[in-house]
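Participant: What TrEMBL lists as domain 'Cadherin' is 128-240, 250-355, 356-474, 475-584, 594-705, 731-824. Taken from TrEMBL, the feature signal peptide applies to 1-22.
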Amino acid sequence: MTPLKWVVVAVTVGTLLLPVVSEVPSTCDWLIPSESGCVKSAECKSSGDSINIYEDCEVGGELFTINDTSVSFDGDCPYSSGTKTVSLKKKLDAEDLNANDCNMVGRPKLYFSPVNINEFPPDPTSGTVPITEVTVKENVNSYEGPSIYYKDDDYDETKSLSCEQISGDEHLFSLRPVEDGNTVIKTFIFSVNDKLDYESKVFYNVEYKIISKDEKNNILYTTQTFFVYVQDMPDNRPVFSNIVPVYSLEECKTEDNLFSVTAQDRDVGVNYAIKYSIEEDGDGNYFMITETTGEVRRNKDIDREKLLENGISSLSLTITAKEYRPNGTEGEKPNDVQQRTTVIILDCNDNEPKFNSDSYAIEMDELTQDSRDQELNLEIVVSDMDEGINGSFKLTTSDPDHLTIAPEKGKQSEKVTLTARWKPSQNNLFDYEDRQDKTLEFTITATEDANKSHTNTANIAITLHDVNDCFPVFDKPSYAVNVSEITPKYSFLLSVAAEDGDVSENFGTPSIRYKLESSCTYKFDIDSVSGNVTLNNELDYDDGSADREIHCNVMATDLNGSGLTGQSEIIITVLDEVDEPPMMDEKEILMAVEEKSQGKVVGSFTVTDLDNDADIDFRILSHVCTGDISTLGDIDKWFEVVVDARNHPKYRGIVNVIGTPDRETCNEVTLTIIAVDKNTVKNADNATGTVIITITDVKDELPQIVGDYTNLNIDEFDELQQPPPPNNVNIFTLTVTDPDEGDTINLSVSKGGNKVELSQTEVTVAPGQQAQVQVRTKNYADINREEDETIEVEIELTNPTRQDAKKENFIIKINDLNDKIPTINSHLCDNSFPLLEDDGSGSVNNTLIFTITATDEDSESPYNIVSYYLMNTQNPNSKDQRTPFMVDATTGQVTVFSD
């Protein structure tokens with residue numbers, strides 16, 4: 001909690017009014033300065049208060065408002081009017097130094113202090129004139145010139161006078177005020193800050209503003225001008241009036257005088273004599289100059305091409321012009337000037353193209369189809385150092401079809417490449433086999449473009465070396481031989497031969513070595529030197545993986561088997577011998593056939609015989625019943641085996657039904673079959689195997705219903721039952737079977753389907769087995785005894801193998817339930833019946849009033865018998881339910897009853 005605070009204020013006799021904020025600076029509480037623009041500030045202190053007023057404030061201008069009731073003017077004040085809001089009564093002058101004050105009540109004196117306003121522009125004084133002339137020697141680094149003096153008649157403005165340059169070069173000239181504390185006269189010093197050049201400019205006009213500024217930033221100014229004259233001095237070096245920066249000199253020129261240069265002194269008042277000298281870069285000393293005239297002459301002959309050999313294409317000269325006094329001494333520095341002249345030596349056609357050698361020799365490998373063209377490894381350079389067309393030339397060879405030169409055109413200095421050209425077949429000049437031990441000779445020629453007589457030649461000698469460029473060639477494109485499959489191992493089969501066109505023995509015909517491709521080396525061998533081919537392993541015509549015609553690539557390789565290779569083909573045809581026994585592809589073959597399928601094909605099997613001339617026949621050795629059902633029967637007449645089409649090496653046998661197989665007699669028969677090659681002359685000629693035939697059942701029986709289905713019944717659905725009976729109520733269980741083996745029975749309700757359904761519509765029964773299906777009510781079926789006494793149902797049985805069906809009818813009796821409420825005839829309800837009251841004699845007793853009749857929809861007794869009762873509805877909560885009436889429970893007659 002914040003504690004309560006009591007504040008005590010001591011109040012003097014005078015009362016401070018509500019303070020008013022002013023933007024004018026003030027240290028006074030009793031007055032508020034006006035914002036009229038007349039007042040600069042207000043100051044209050046014990047020695048006296050002051051209101052500082054701009055001297056341009058007009059009479060009547062508002063000065064301040066008195067904010068204290070205890071303060072007022074003491075009598076009439078000549079400078080103000082008003083008692084609370086005070087205005088200026090008399091215009092003030094800052095230049096008038098007399099005190100302006102008024103007496104006050106409650107405060108010391110109030111001074112009306114004028115603040116200066118800029119009224120007068122600055123004036124020159126002490127001999128200063130608005131235009132001042134100044135003479136300055138040229139080429140002096142800096143110069144401090146005359147001082148000028150100014151005053152300002154405005155109060156206290158002289159000491160703050162400033163200046164601003166309005167024309168002239170600010171970099172060259174400046175005017176600087178002197179801060180010496182003098183408030184009466186302001187001194188400015190004029191200065192030259194950099195060198196002046198008489199030859200560039202002899203006169204400058206420089207103007208400044210001399211500026212005064214008051215506290216309101218009011219500005220007045222006076223223009224001060226300086227005329228600056230530049231005094232000429234002998235300070236300029238000579239200047240070339242005729243220069244030659246570049247001179248073109250033809251090397252063959254015969255005249256010695258070349259060109260002249262001229263220089264003169266730029267000083268106006270002082271002129272000295274000029275003498276010329278020349279210096280040359282390098283030590284060639286090709287040029288000289290006349291000292292007095294500046295004429296440049298050639299000192300000796302110049303060979304441009306020799307200069308170029310040293311990397312010099314032009315000569316640089318430095319020509320100097322220097323001033324000399326009449327007494328022969330050098331003039332004041334700077335006293336000389338130089339110019340550079342580049343002498344370009346122009347070409348004249350004084351050279352012819354030359355090769356760097358008169359002849360060239362080289363040894364090289366012969367050209368082949370693999371190597372094709374080959375550049376010669378020769379350092380050939382053609383040079384003609386003349387320029388332009390004088391130094392350009394054409395290059396040719398004596399046999400351009402076989403030896404080409406590049407480039408075909410050149411200039412000055414060109415590196416030349418010679419290329420030996422390969423030509424196919426007989427046109428190859430660089431074929432060692434055609435030109436053994438011969439040196440090929442060519443001539444190359446360089447001819448100048450400008451002067452066809454300027455020509456030069458060089459000789460080229462080429463010695464060839466033999467290379468392995470010829471492939472071995474077999475004497476036949478292919479070799480063929482027939483070999484019986486029973487030929488003994490290591491037998492000689494044939495010979496192959498190849499030749500090589502190379503001359504050298506290292507890779508010629510003597511160096512050839514023979515080899516078979518790797519896939520053939522298992523069965524065949526070849527002598528690498530002689531080319532004889534022998535049998536390495538036995539042959540088998542009937543081997544399923546063998547080729548009856550064997551193709552082997554044979555290679556001939558020179559350089560003792562490591563060089564170039566030629567190829568041919570050996571074709572070996574293997575001759576067959578009938579020596580292979582037949583073979584059953586499967587030793588045990590499984591087949592199946594339906595009973596009673598006379599004339600049908602049971603299946604097939606395959607026998608392999610590799611002999612080309614095999615003649616296969618089949619027969620049955622035995623018939624055996626091997627199934628789990630076996631009765632006496634003649635199964636030998638059921639099946640036969642015959643030969644199908646022959647397709648070497650496969651031979652197919654067909655098993656046919658010729659009798660009437662009966663599954664009930666035998667459900668599995670095993671046949672032993674023999675295959676005989678009637679043409680075999682060596683080794684075994686037959687093979688045996690077994691065929692197991694399963695006799696399958698034919699599904700030709702209808703499904704059957706098993707059991708007694710009389711006295712079928714179901715209770716009707718009680719409409720009043722809570723909770724209601726389930727949707728699906730089982731009525732009875734249906735048992736079915738099928739005499740066929742593993743048959744599928746399809747069941748459907750063909751009649752009564754609106755009331756009942758089956759729990760399953762498809763069952764599968766094993767042989768001798770039964771299946772059970774529930775017959776039940778359908779969802780939401782109305783089983784009502786009052787509507788139907790029975791449900792007639794027809795169930796249809798089918799299986800996939802027969803089109804007809806087994807149908808069975810069932811009668812289901814519906815049992816009645818007490819599920820109906822008796823209904824009173826509507827004409828008796830809400831009626832009034834007149835009745836005389838009893839006079840005490842009891843004469844109204846047993847008087848018939850009316851008869852109630854009601855019905856019950858239940859069909860069977862006792863559920864359809866109605867009994868009648870009366871209840872007192874006037875006072876249903878009373879324990880005494882007696883009424884003056886009675887009803888006969890059987891007839892429904894209502895009579896008067898009074899006891």
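Keep in mind that glycine also has a Cβ here, set from the backbone N, Cα and C atoms.
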Participant: Report the DSSP secondary-structure composition of the domain 'Cadherin' (594-705) as helix, strand and coil residue counts.
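Facilitator: Summed by class, the stretch gives 3 helix, 61 strand, 48 coil.
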Participant: DSSP on the domain 'Cadherin' (250-355): how many residues come out helix, how many strand, how many coil?
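Facilitator: Going by DSSP assignments, the domain 'Cadherin' (250-355) contains 6 helix, 49 strand, 51 coil.
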Participant: Quick check for me: are there 3+ Cβ pairs below 8 Å between the domain 'Cadherin' (594-705) and the domain 'Cadherin' (356-474), leaving out pairs under 6 residues apart?
Facilitator: no
Participant: Which numbers of helix, strand and coil residues does DSSP report for the domain 'Cadherin' (731-824)?
Facilitator: 0 helix, 49 strand, 45 coil
